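Notes follow once the structure below has been shown.
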Amino acid sequence: MGTSNWSSVTEFIIVGFPSLQSFHALLFTLLLLIHLLAIFGNTVIFTVIRSDARLHRPMYFFISSLAFLEIWYTAATIPKMLSNLLSKTKSISFTGCLLQTYFFHSLGATECYLLTAMAYDRYLAICNSLRYSAIMTPKICTQLAAGCWICGFMCPVIEVILVSKLPFCGSNEIQHIFCDFPPLLSLACTDTSINVLVDFIVNAFIILVTFLFIVVSYINIIKAILRIHTAEGRKKAFSTCAAHLIVVLLFFGSIIFMYVRLKTSYSLDYDRAFAVIYAVVTPLINPIIYSLRNKEILNAIKRKILQKGLINSSAQPPTPRKVFKKS
């Protein structure tokens, strides 16, 4: 078929959850609630850490950076998912689809790098505690976080450029809950083996290399913890890593299945299910994990609530006293 016979696609239809058509109102309510809770939870974590001088340490600096990222990570996909649940057309422009894909993957890659930086921070804190303060200075932490963001936003550029040059014809229905590389490639009317290979190489480098670095860091951390003589000391050392480890397993477990593969798609239901985990559930769970598993953050939140209550009570005018005249 010659390229002259290919029809130019100007917009895509995001199919979403076709098997749950009758539950769209319920899905909209549930997704909106999750989105608002995720924004609220991550905003609280970010604000509390930045405003509490007791938490101005490297570990909390990276936690606040992750919370800030999660706010934008949800904004890349969930608002459009919400509008599609209420809309009959569920359309998105070609450019809008590419932009959504770019920002979603940029923020996802940034999260991979941030989680890796957090693992490195924990490794230094436990395995090289004597030199930890000298190594993890505020300047180094800022440079590490900036490097995560810059690398994250550079990673999907090649993939987006390659997809933008593909011809699309026939069906314009994206069999997914948002725009993404695998469902886009399945709609192209030409051989996409180069795109699939590039996607695999980029994703394998971002996901597997960072995950391997985290695994190696935790192997050394566990070795160091086991060398601690007291049970209380081992418990205290591991408690600083537990929340991060849970987040890593949840996030990487879902994205490895989704993106490190040499096929454009597997089961559509599986793809949608795993997309919900890493795009919707993880940003909601992260602030819950960090606030419940970390006593210092929890105490800082309590102090902030108490401080707010005291300010509000002091701002109220005093109740006027009744003066009774003698008869």
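Heads up, the Cβ atoms here are built off N, Cα and C, so glycines get one too.
Annotation comment: TrEMBL describes 41-290 as domain 'G-protein coupled receptors family 1 profile'. If you average pLDDT over the domain 'G-protein coupled receptors family 1 profile' (41-290) in this model, you get 90.
Here the transmembrane segment (25-48) has long-range neighbours at 17, 55, 63-64, 67-68, 70-71, 74, 78-79, 81-82, 85-86, 280-281, 283-284, 286-288, 290-291, 297, 300-301, 304, meaning same-chain residues at least 6 beyond its ends whose C-beta is under 8 angstroms from one of its own. If you look up TrEMBL, you'll see 25-48 (among others) marked as transmembrane segment.
Here TrEMBL flags 60-82 (among others) as transmembrane segment.
Look at TrEMBL and you will find 102-120 (among others) tagged as transmembrane segment.
Through the fold, the transmembrane segment (140-163) approaches residues 58, 61-62, 65, 98, 101-102, 105-114, 116-117, 120, 181, 184-185, 194-195, 198-199, 202, 206 of its own chain, all at least 6 residues removed from its boundaries and within a Cβ separation under 8 Å. Annotated transmembrane segment per TrEMBL: 140-163 (among others), in sequence order.
Taken from TrEMBL, the feature transmembrane segment applies to 200-221 (among others). Sequence-distant neighbours of the transmembrane segment (200-221) (same chain, 6+ residues past either end, Cβ-Cβ under 8 Å): 109, 112-113, 115-116, 119-120, 122-123, 126-127, 155-156, 158-159, 241, 245, 248, 252, 255-256, 259-262.
Residues 108, 111-112, 115, 118-119, 122, 182, 199-200, 203-204, 207-208, 211, 214, 218, 270-271, 274-275, 277-278, 281-282, 285-286, 289-290, 293-294 of the same chain lie 6 or more positions beyond the ends of the transmembrane segment (242-260) yet place their CB under 8 Å from a CB of it. Taken from TrEMBL, the feature transmembrane segment applies to 242-260 (among others).
The annotation transmembrane segment is assigned in TrEMBL to 272-292 (among others).
Note on the transmembrane segment (102-120): residues 59, 62-63, 65-66, 69-70, 72-73, 76-77, 144-145, 147-149, 151-153, 155-157, 159-160, 178-181, 206-207, 210-211, 213-214, 217-218, 244, 247-248, 251-252, 255, 278-279 of its chain, located 6 or more positions outside it, place their CB under 8 angstroms from a CB of the stretch.
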